[in-house]
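The block underneath contains the structure these notes are about, expressed in structure tokens.
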């Protein structure tokens, strides 16, 4: 129990917010929401008398109704989107807003724009949901410009704003002009029988980005304006924010059969994916450095976070900040930067030495997060380490005595047997209770779903002052090698 409370406090500290959604242990009460909102009740599944009610996460109508009732119940917001549009998860979006509040209220950089505390933001690609302006205005009284390209997104964003007259005067919806010269052609992709227009390459010449994105020439961003050409010359903002298109193709976007949040091609897909899209934001920020205090974006892949951070230092930013948004089994990152000179020397964002992680990419289709979690448990318990597996929080707590660490450091642990059949279990405890001690190395491993085919595996040391803490990074490195050997395509 003590370890669980410590992890919960750690997550709250990392996310810098008082959001009600920041804890895995405190999910929305579906039974209560079903009783308060009759239209939500048909989507709630009461599977067992002793289990929590749930919904079918693969049903778009269920996830859309959940978002609607959460926004109304928690934030007094009226909201709806048409079929097929991206349905935002309220907890994840709220965590982003709370992180921004922390940045804006800090004294990291000077407040050169909103001296009265009434912050103004620019939401890149606000979508039909207009979720960020609605949350920011209702929670903190911020004003927003929300931009988008498609007529459907603009129409429904305006509807959602006008459905909330108590904050409507704070939000402007702005149409981005998709110039005819933009290299976008219709490429037909079939998804559930429907044909969707995607951007593809053409012979139209576009000025290349100064930043070298990839060796592959077609992975630079080609599309409508993002900030330059949309932000007016006389405008100033405290921040911009963005939930970028994470994927390079609709095929990649549709690989996860376990959830259904909808999403049009414009919302989900960009040639070059999020890396190209956010790199264009970085390039735009060099031209608009005097019009924004903070530039920010959400990031879906940790490997992209490292790449983008290095690009920011290349273009001469003064401050870079990152954070981690953990919600259930999903992990995302926040990236923020500024060209303003810091008020005080602030350390570059580096990982806490207590925590380390890696991305398990190229996961074979027959494997899911639960299989990896079970393999982590088998990896340690089969070699005599004390383990406790928790399938509800997707963690494995591990404790190693001094002799165990000496043996590991001397001989190492062999690779996971490829014949291990990993089946999910409700209860798992292959050792005694875990007690922190200077003579025991105690840590836990967490597994988070990223985009389809990609998992984040995170290791967290529970006592950095342990005399055995030096063995932690070597043990975690060997675990990474074992998992890649078992689960990833060669």
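Glycine is treated like the rest: Cβ placed from N, Cα and C.
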Original post:
Between 1-25, 26-50, which stretch does TrEMBL give the note region 'Disordered'?
Top reply: 1-25
Original post:
So how many other Cβ atoms are close to residue 125 (S-adenosyl-L-methionine binding site), meaning within 10 Å of its Cβ?
Top reply: 23
Subject >> Under 8 Å by Cβ from residue 93 (S-adenosyl-L-methionine binding site), same chain, sequence gap 6 or more >> reply: 131, 132, 135, 243
**OP:** Would you mind listing, in sequence order, the residues at least six apart from residue 148 (S-adenosyl-L-methionine binding site) in the same chain with a Cβ closer than 8 Å to its Cβ?
**Re:** 125, 126, 127, 154, 157, 173, 174, 175, 176
**OP:** Give me the largest Cα to Cα distance among 93, 125, 148, 243, the residues the record lists as binding S-adenosyl-L-methionine, in Å as a whole number.
**Re:** 18
Original post:
When a 10 Å sphere is centred on the Cβ of residue 243 (S-adenosyl-L-methionine binding site), how many other Cβ atoms does it contain?
Top reply: 24
